[in-house]
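Novice: Checked TrEMBL, it gives:
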BINDING   His37, His38, Asp76, His305, Glu309  divalent metal cation binding site
Amino acid sequence: MCGDRAEPVSRALFCVDPTESTVDEAVEVGAQLLVAHHPLMLRGVNGVPADDPKGALVHRLIRGGIALYTAHTNADAANPGVSDALAGALGLRVTGPLVPAPARRLDVLTTYVPVADAARVLDALHEAGAGALGDYRDFAWTVDGTGQFRPVQGANPAVGEVGRLERVAETRVELVLDRALRAEVVRALRAAHPYEEVAFNLNEIADLPADTGIGRIGELAEPEPLRAFTQRVADALPATAWGVRAAGDPERPIRRVAVCGGAGDSYLSAATRAGVDAYVTADLRHHPAGEHLAAGGPALVDVAHWASEWPWCEQAADVVRTAFGGTVEVLVSTRRTDPWTVGATSRTGGPLK
């Protein structure tokens, strides 16, 4: 969001929201970096003037020599991410994402090249983007063998003669590629290969389940009633004026649970498809919740948005501590940035049942 990439950082502060309170805290603790989950600018702006509330924070950060980094939807989908932290706080053993991230769609390319040309062709394929996966690139599998072919009338063979069976020492080259690069890689293969007719196979790799994505599914060690599970959630998260509320039969047994840190009513159908007993999230609305329950969906546990994402701060801080081996002091904000400050329930209950 702001800051000088070249400036050294010896102390970082993690928070959910970059607000006046957390910026004050960053100044007070002498942090050079404030890491927030929510972006300071959730919508496009035309400027950051100092007389605007958010612009004032940008000016304050710059004057204080504090960089601001936000990890929003990337932290939501990461592994570990926001929902992993929420699941951990509730004592769930995570088994996978609620809505898996789209898997990287891959092909396997197999081709056959004269041994003397194999390295050159492989270089061209790598240059086109093939042979890259995760943190590795330029890999391939090769084995030498014998290829044979007979050019027929009209052919212009690079090796051999028309009508004569040829046997050539060849290298079988096999490597993966992103499916989006298929056309580009095939063009590179044909341009680099010495043969007039290039023999190759392209096979699609099955899409495997991803371990990243929105939300998490997990299990309790033992089932417990919804009433007790709701109290478990309240005890695990910081107290808020919003509190914790649940919808469903209070005695319904709960063991398999879906969680989604932050606003999660757009994933109600995903929770139903997952076959969980309860779904824990924030910002649930009246009509979607009522329709979900009427359709036989899992019990709902609704918590404050800020509280559902607060466990991420310590999780992310631990990741940075481990990565930098103690060379950067990492702190977690103690400021409550939930916008709701007062909560109340009726003392009489009224005439309704």
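Glycine residues also receive a Cβ, built from the backbone N, Cα and C atoms like all the rest.
The shown structure was predicted, so the numbers you read here are calculated from the model rather than taken from an experiment.
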Novice: Here are the binding-site residues: Asp76, Glu309. Which has the lowest count of other Cβ atoms within 10 Å?
Specialist: Asp76
Novice: For His38 (divalent metal cation binding site), which residues in the same chain are close in space, meaning a Cβ under 8 Å from its Cβ, but six or more apart along the sequence?
Specialist: Val16, Asp17, Pro18, Thr70, His72
Novice: Would you identify the secondary structure of His37 (divalent metal cation binding site) according to DSSP, in three states?
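Specialist: Note: His37 (divalent metal cation binding site) is coil by DSSP, not helix or strand.
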Novice: To test your reading of the divalent metal cation site: which residues beyond His37, His38, Asp76, His305, Glu309, same chain only, put their Cβ within 8 Å of the Cβ centroid of those residues?
Specialist: Val16, His72, Ala75, Val82, Gly261, Gly262, Trp306, Ser308, Trp312
Novice: Identify, in sequence order, the residues in the chain of His37 (divalent metal cation binding site) that are 6 or more apart from it along the sequence and have a CB within less than 8 Å of its CB; answer 'none' if there are none.
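Specialist: The answer is Cys15, Val16, Asp17, Thr70, Ala71, His72, Ala75, Val82, Glu309, Trp312, Cys313.
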Novice: Provide the number of Cβ atoms within 10 Å of the Cβ of His305 (divalent metal cation binding site), excluding the reference atom itself.
Specialist: 23
